[in-house]
Amino acid sequence: MEKQQITTYKRVYSTENKVASLDKMGLFFGVLGFLLGRAVLIDTLGPFGISYFAYMCKLKRYKVPVFFFISLGIMFSHQGSNALRYIISLFIMYLISSNINLEKKKVFNIALFGFIINMLVSITFSIVKGIYIYDVLISLFESLVVFALVYIYSFGIELILKKSIRRVVSNEEIIALSIIMGIAVSGFSNVNFFNISLKSVLSMLMILIFAYKGGAALGASTGITIGLITNINNLTSTFYIALYGFCGLIGGVFNKINKYMVVFSFSLAASIMMIYTKGIGEIILIREVVIASLLFLLISEEKLEYLEKFTKAALGNEESAANYVKRVKEILNNRLREVESAYSEIANTFEKVREKERILDQRDIASVVDMISQDVCVNCGMKRSCWNTKFHHTYSMIMEILNILESEGKINESLAPDEFKRYCIKSDSILKSAKHYFDLFMLDYKWNKKLSENRKLVSSQIKSLSKCVGNLAKELKEDINFDVDMENEIIVELDKEGIKVDKVSYIKRENKSFEINIQKSPCYGGTLCKERLIPIVSKVVGKKLSSLSLGCKMSGDKCNIKLVEGQEYIAKTQVCFISKDESAISGDSYTYMELEDGKYMVALSDGMGKGEKAYEESSVTIQVLEKMMESKIDEKVSIDVVNSMLMLKSSDEIFSTVDLSIIDLKEGMLQTVKMGACPSFIKRSKGSVEVISSSSLPIGIISEVKVDTDTRRVREGDFIIMVSDGIIDAGKDKDLGENWLYTVLEKIEKTSPKEIANIILDKALDLLDNQPIDDMTVVVTKILKNSNI
């Protein structure tokens, strides 16, 4: 059966020969034609209606009403032979277009059509009246204007016809629409109500709309364009061009505030121009401004939002650049998501590799039995009886021997089955051969387990990398904006105070947070930022700011300063330590640093053993942890990466503990992450002591790490105390356990973190008679109220 071809639905905008009708669109085009017919360029020249009708000949549906409206407009504006000349041109165009289909003709052909008709009729009238070179030149000029205007109408009218489906407007269409509107407004010349010019009111209304939706640049350009078009045949045209341009500029400056501010600034600009020109426009002009402003305020925001799309294309490079950046971010985000997905799939593939569950599976047992029979039974006199007559019985006995080997790890006469010893004449040789091959398979099994463990570690690393890429994509997707105005304001204020900066970046995020990055030459004293720069920038922004890190971050020969909104709290950390045997190298490593987003990190790691080896393990742990936390990588992912790194780093057993504290200085929250670490303590400002314990193993021992986490609130005056096992174990020989430190902390009344750290270390040394049995480290962090807020 032949299939029927069904075409898909497609909306078609056609200008086929339809019955002329005066619907809403027809009435609109007719009124527009009337205004364009009334508009005058210079003296008696009125090419606007002729060129408009030349293009409307393409739209046969609206041709008849447009013809009559343009003719009516010409008769209202022009007199005698001049009006007759234009009407004859319209009539000739009407007759030709009725017999020749112009619908599919190119715009150039339509423009040429209008040029020729206008030129021929104008020259004919000049011949009848008496031809002069001046008349010929004027006719040529007017016909060229007709030719150019057809192109302008082609952009504007097509936009009007398809306004319901258009979402993006080109610059050419915006300019064309502005010119058409300006010419239409000039068609209201000499139309006054109570001495108020309707042309001036509508001109100002248009400028207000464009200034409000397009800003200062579009407001000024619209004002100049409308001022030029509507007053080109007026002796005071320069005044109106300056007035409209200046008012559009000033009104557009305040478009980000609200429409009332636009109206106020527009009116103020008009008043200033009145004073400056000593009343050229008279008091009537002020009334026109007031009426235009009232009409503008009466237009709903919904209507203005609709009109906004007709101004978007003319806003210049700022939005284009923003759109370009947004598109680049989307592309990068998609690419990063693809990379994240690829890494995640690779990690899953590693995990899906089947791990050998037993030393000997069914296939291995069959191989071992075969090898034993080949080594021992091939020349045995009982081979026929054992392997031919009683094959299944013999096979099951050797399987039982292999099961004993797997469960006991060894085999001998005492462990062998009694039945096997009675029937086999070479039992000792069988047992030795079974043990030999079992050991080979055991070695193979151990290597398989090692490879499987390494696969898990690689899978964990790839998963961590996938998460890092995913977090980066998430951060990139955030709506980040650069406030150029604020950047310029900061640069100006710093310059006023004699502080020279190379670059300022003010970054706003969608969660309403912000950061300011300043690059400048080093001040060498190190106090400029704290004493002068931060207070000045805080005043400009209107909020108390603080630097993310103390001191300068040098990049080459430049100093980079990052300022954020001041946190509720600040943290001060002090450390005291002593190594075993008072050597120069300690197996304990620590760090404390400010992170982004108002967080503060303190970390302590204790390497296995002592001396250089322990130092290497703990320092690697701390260094990698520092870098990953600085890069805003999740702490769980960071610990997974460090764990995998330690396990793959060497064939020897190397491991270290991790005691990590992350303090949210904005909210006053403490999050602890422990891996085999000693208990840490919180000494409250009121004297009470809290213990945070851990039961997890150190990192670097097993591939799947178990992390102990705890979250608590901290307040002003609280101390967070972290210690290595050298401190905790100091009370073992005195049968004090861990409680000795709890008791000491309860009795301490000092308020300095340095003093508290010294007291703890001194007490631990006293318990050991000043003979440390391990590296000893105390890290004390105090929470303080931020006095700069």
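A Cβ is built for glycine as well, from the same backbone N, Cα and C atoms used for every other residue.
Curation plays no part in TrEMBL annotations; they are all automatic predictions.
Keep in mind the model is a prediction, meaning the values are calculated, not measured.
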Can you dig out which of the ranges 62-77, 430-445 TrEMBL describes as transmembrane segment?
62-77
Which one of 232-254, 761-783 shows up in TrEMBL as transmembrane segment?
232-254
Quick test of the contact rule: Cβ under 8 Å, at least six residues beyond the ends. What residues does that give for the transmembrane segment (260-277)?
204, 207-208, 211-212, 239, 242-243, 246-254, 285-286, 289-290, 293, 296-297
